[in-house]
Structure formats: structure tokens, C-alpha cells
Amino acid sequence: MNHFPKLLSSQIGFDVAQTILENFDRHYRIFREAAVEAKDLFERADWHGLQRLARERITSYDDRVRECVELLEDEYDAENIDNEVWPQIKLHYIGLLTSHRQPECAETFFNSVCCKILHRAYFNNDFIFVRPAISTEYIENDEPAAKPTYRAYYPGSEGLAATLERIVTNFQLNPPFEDLERDIACIMQAIHDEFGAFDEAVNFQIHVLSSLFYRNKTAYVVGRIINGDRVLPFAVPIRHARAGILALDTVLLRRDQLKIIFSFSHSYFLVDMNVPSAYVQFLRSIMPGKPKAEIYTSVGLQKQGKNLFYRDLLHHLSHSSDRFIVAPGIKGLVMLVFTLPSFPYVFKMIKDHFPPPKDTTREQIMAKYLLVKRHDRLGRMADTLEYSSVALPLARLDDALVRELEKEVPSLIEYEGENLVIKHLYIERRMVPLNLYLQNGSDAEIEHGVREYGNAVKELMQANIFPGDMLYKNFGVTRHGRVVFYDYDEIEYLTDCNVRRVPPPRNDEDEMSGEPWYTVGPHDIFPETYAPFLLGDPRVREHFLAHHADFFDPQLWQDSKDRLLRGELPDFFAYEPALRFCIRYPERFAPGDAADGGKLAAA
């Protein structure tokens with residue numbers, strides 16, 4: 001039976017709610033300013049500046065939460081606010097959000113602040129937003145000068161080519177295009193190649209999100225074509241063809257291609273969104289089946305994505321009955337990994353003790369994971385969600401897993417009634433371990449896996465990442481067939497490594513020895529020594545040497561390091577370079593146009 005609610009009588013309750021919302025609004029203003037700055041940096045081709053901006057934005061949320069907590073403690077002695085007041089704070093906050101344009105993100109910010117203040121009381125659902133209180137349906141910015149979430153274009157009156165040109169020019173990028181008419185013709189040809197000639201239905205139209213999506217050296221136009229009952233997604237990457245000159249690089253017309261550029265293995269986009277829920281709804285319409293949590297994360301709202309993921313997990317637990325088990329495969333020396341078979345993620349915990357030869361600490365491993373979070377992942381390193389105080393029902397934990405937890409991570413678990421509380425863990429997308437993929441694959445799959453592995457490591461080294469442990473078991477194969485690195489405890493910056501050749505043996509005894517006859521420093525790497533570990537399977541060896549014979553040559557690694565030390569940033573593509581217009585339709589490009597490209601890498 002529900003009781004008549006008490007009056008909201010606490011002035012402190014209202015003041016605290018208003019203070020939290022003011023701090024969220026400041027956070028989101030800074031978030032949007034970063035996207036505006038990204039446009040300027042892109043136009044000026046300031047790639048180092050874009051990298052810096054992306055790193056700073058990742059840490060911005062935690063900085064704003066910390067500032068808000070400090071303010072509440074100074075102004076209201078927040079830790080000692082009476083428990084009867086906190087529900088009033090929440091209700092006042094809900095009232096303040098009724099016409100807000102980012103209510104879901106503001107609720108998550110409220111939870112983050114409360115977690116810092118209330119500590120274990122976080123589990124009191126009356127104090128926080130376990131479920132959303134404010135609907136995000138049909139939110140739109142109706143201010144006169146505001147951009148709509150997306151713009152609708154109707155090609156029937158002016159023709160498709162003219163409409164596509166207007167779509168591009170409406171973004172008002174400062175640098176001129178090398179040959180926009182040529183690029184539009186390439187888009188028209190690509191659409192014809194993909195779909196053939198199609199009749200224009202009475203509702204034929206194109207919807208384009210009003211803001212560009214910035215990442216690495218690319219700005220993406222994202223939209224959908226509506227024709228009859230068909231919804232056709234598309235993305236058009238805009239790049240610098242040369243200094244101060246832009247070009248449309250390709251058009252991506254398949255959902256799988258869009259899912260890859262928005263995948264968990266890429267860094268977050270910088271995109272200006274006044275109503276983020278409307279952007280997410282649009283993106284889900286062109287990538288159905290992609291979780292909202294992943295989309296929020298990919299557009300830079302990783303805390304909102306993390307919040308939604310946890311809700312998805314709780315929802316899944318309430319609608320499933322299988323048990324968490326130790327993850328199959330080779331056990332790691334540093335991490336304990338478990339999974340729920342019906343849920344496509346793995347849960348990773350840092351062990352309390354590491355056997356030799358591992359020489360590291362929990363703090364060092366956490367620093368490695370933070371490094372990856374802030375680094376440009378290029379589609380080759382899995383993103384991780386980091387959680388504290390996660391309560392899992394004991395009844396859903398396999399007995400063997402409980403024994404493993406008690407043995408390997410006793411400092412990280414606590415029993416609370418019918419729950420096991422995990423103090424700290426990482427969560428990643430579940431992938432097929434590359435060693436199992438190669439072990440069980442057909443000849444074509446082995447060739448694909450080996451080619452992808454070599455490409456992944458080469459792209460990582462160009463991005464200043466040395467994986468450390470090169471074994472296949474530390475890499476996974478995604479649903480889209482891409483090889484991604486996911487074991488970070490030995491990761492280093494390539495520029496911190498000393499690339500060395502193996503010195504020749506001094507005598508026969510050296511040559512027969514199983515131990516190195518030369519000194520090895522802590523940051524020395526010897527690419528020649530990787531071959532015995534990677535080429536043991538004759539089938540793998542054949543394809544590896546066919547595609548990546550240079551992999552074991554120290555000069556390849558040294559050249560990448562030298563370019564990094566000179567401040568060079570190579571070109572990476574979140575799609576196959578073969579899709580680029582300059583490669584796909586070379587007859588349309590004059591010598592010296594965007595096709596000069598230089599060294600390419602698919603990321």
C-alpha cells in the first residue's frame with residue numbers, strides 16, 4: 001500500500017539538488033565545447049591537438065564529479081546529511097529535470113556524486129536512479145537558433161547529386177574541397193554499385209545528423225536514406241587530401257561497416273549533441289541491435305554507457321538462469337577471467353599474487369588499463385568498463401568459480417547476505433581467442449586470422465603501442481572478423497622500448513643454449529625471437545610469412561619508432577583502404593590528387 005507522500009520540506013534538499021544539476025550543466029557545457037574545438041582542430045589539421053583534446057575529455061567527467069563532491073562537502077557537510085533528506089534531494093532533482101535536454105546523463109551524474117558521498121549507501125535505491133525517472137522520448141531543442149538533431153533533404157526537386165553536395169556544404173567546413181563534384185560522382189557510383197538502380201518512392205528523402213563526428217584525422221557525415229519502407233544507413237568520411245584541402249574519402253553503405261566505426265575497439269567520437277538521446281535513437285535506427293550502452297560510449301558519453309550497461313546486466317540476470325563460470329581457455333597469470341555464457345561479455349579481476357616470471361603490481365596493471373582508455377585504440381584494442389562494488393547473486397555463481405575467486409582474489413570479494421560483492425573488476429566484450437580461432441579454423445580462416453593479427457600489431461606499433469606479450473591467446477576475433485588486442489598488463493609505449501637485433505652466438509654452446517647469451521634490459525625487445533612462438537603451426541607459418549615476412553625484422557619496428565619520435569602520425573582508416581574512392585575509382589582522379597595517400601593502415 002502506498003502512503004500519501006510527505007511534503008518536500010527540506011531547503012537543503014532543494015539546494016543540494018540544484019547544486020548537483022548546476023555542476024552537471026557545467027560538465028556538459030565543457031563536453032560540448034570540446035566537440036566545437038574538434039572542428040577547429042580538424043580544419044587546421046592539428047592532429048596532435050585532437051589527440052590531446054580526446055584524452056582530456058575522457059578525464060573531464062571524473063574531474064567535474066570530484067569538484068561537485070568537494071563543493072557539497074564544503075557548503076552542506078554532505079556526508080552528514082540526514083538519510084531522510086536524500087530521497088527529497090532526489091525528488092527535487094527529478095523536478096528540475098522535467099524540461100532538461102540531457103536528463104539521462106544528468107541522472108547518471110547524480111548517481112556518480114552520490115556514490116562518492118554515500119559510499120556503501122549507494123545500494124539504497126531510494127537515494128539514486130536505479131531506473132530512469134525522466135523520459136528521453138521526443139526531446140528536441142526548440143530554441144530559434146538551435147540546430148535540429150537531424151536535417152531532412154528531399155532530392156526529388158533538385159536531384160540526388162545536388163542534394164548530396166548541399167548536405168556536405170551545409171557543414172560549412174573552412175578548407176576548400178579538392179574536387180567536390182568528383183567526390184559526389186563517386187558517391188553516386190558507389191550507391192549504384194551497391195544497390196543498383198532503384199525507383200524513388202514518394203517518400204524518398206535523406207536524413208543527416210546535424211553535427212560531424214570527429215576522430216583521428218577524419219570527420220564523418222552520418223545519415224540514412226529513406227525510400228519506401230527501406231532505411232539505408234550511410235557514413236561519409238571527410239579527410240584532408242593534402243595540406244588545407246579536403247576530400248570525401250568514401251561512402252560506407254552497409255550496417256556492418258557502420259557498426260565497425262562505432263565499435264568498442266575504437267576511441268570515442270567528438271560530436272556536438274544538444275540532445276544526446278535523440279542522436280542515440282537515430283544511430284540505433286541505422287544500427288539496430290547495437291546496445292544503447294555501446295552507442296552512448298562511442299559518442300563520448302562513456303559514463304552513461306557504463307550506467308546503461310550495468311542496467312542491461314541486471315535486466316539480463318532477472319531474465320536468465322545460467323551461472324557465471326570461469327572463462328574457458330588458457331588461464332592468465334595476472335587476471336582471473338569469468339563469464340556468463342548467455343551474456344556476451346567477460347569479467348576480469350586482477351589477481352592478488354602473480355607467479356614468476358610476472359614482475360608487476362596491481363597499481364601498475366591498473367595504470368596500463370588507464371593508458372589504453374586514454375590512448376587512440378584505432379579499432380585494435382578493446383575498450384574496458386571499470387566497476388567497483390558490483391553485487392552478484394551467489395546462487396548464479398558456479399561452485400568452481402567461487403573456489404577460484406577465493407583462491408586468486410580473496411582481497412577483492414566480500415559476502416553480503418545472498419550476494420557476493422566484487423570490489424573491483426573490468427568488463428570487456430567477449431571475443432573468440434585468436435589461438436582457438438587459428439587452432440579450429442579452416443585454411444581460409446587461418447589466413448584471415450594471421451593477416452589480421454599482423455595488421456593489428458603493425459597498426460598498434462604505428463600508434464606507439466608495444467603489446468608486450470605477443471602470443472595469440474592475448475588477441476581476440478570480433479563478430480566482424482577483426483583481430484583486437486585485449487591483454488594489457490605488459491603494454492608499453494614503443495618509444496620507451498629499445499629495439500635490438502639478436503647478437504650472433506659466440507660459439508656452438510651459445511647456439512645450442514635455451515637461454516639468451518646476451519644481456520637483456522627491462523625495455524629491450526627482440527622481434528627476431530617472436531618467430532618460434534608464432535610460427536609453430538605449419539599452416540600458420542605459411543600464411544604468416546606470405547603476408548607478414550617483415551614482422552620479425554627489427555628494422556620494421558625501429559622505423560615505426562623513429563617516425564613516432566619525429567612526431568609523425570600515420571593515416572589510419574576505420575574501414576578497408578580498398579573502399580577509398582581514390583583506390584576504388586582511380587580513373588576519376590588526376591595524378592597528385594587524394595590518391596597520393598602515402599602509407600595506409602586500416603584501423
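Note: Cβ is positioned from N, Cα and C throughout, glycine not excepted.
Features reported for this protein in Swiss-Prot:
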ACT_SITE  D383  active site
BINDING   A327, P328, G329, I330, K331, G332, L333, K348  ATP binding site
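Feature map: annotations from Swiss-Prot on the structure.
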{"residue": "A327", "record": "ATP binding site", "Cβ contacts under 8 Å, 6 or more apart": "V337, F338, T339, V346"}
{"residue": "P328", "record": "ATP binding site", "Cβ contacts under 8 Å, 6 or more apart": "none"}
{"residue": "G329", "record": "ATP binding site", "Cβ contacts under 8 Å, 6 or more apart": "P433, N435, L436, K473"}
{"residue": "I330", "record": "ATP binding site", "Cβ contacts under 8 Å, 6 or more apart": "P433, N435, K473"}
{"residue": "K331", "record": "ATP binding site", "Cβ contacts under 8 Å, 6 or more apart": "V337"}
{"residue": "G332", "record": "ATP binding site", "Cβ contacts under 8 Å, 6 or more apart": "D487"}
{"residue": "L333", "record": "ATP binding site", "Cβ contacts under 8 Å, 6 or more apart": "K351, F354, P355, K358"}
{"residue": "K348", "record": "ATP binding site", "Cβ contacts under 8 Å, 6 or more apart": "M335, L336, V337, T384, L425, Y426, I427, E428"}
{"residue": "D383", "record": "active site", "Cβ contacts under 8 Å, 6 or more apart": "F264, S265, T297, K373, R377, E428, R429"}
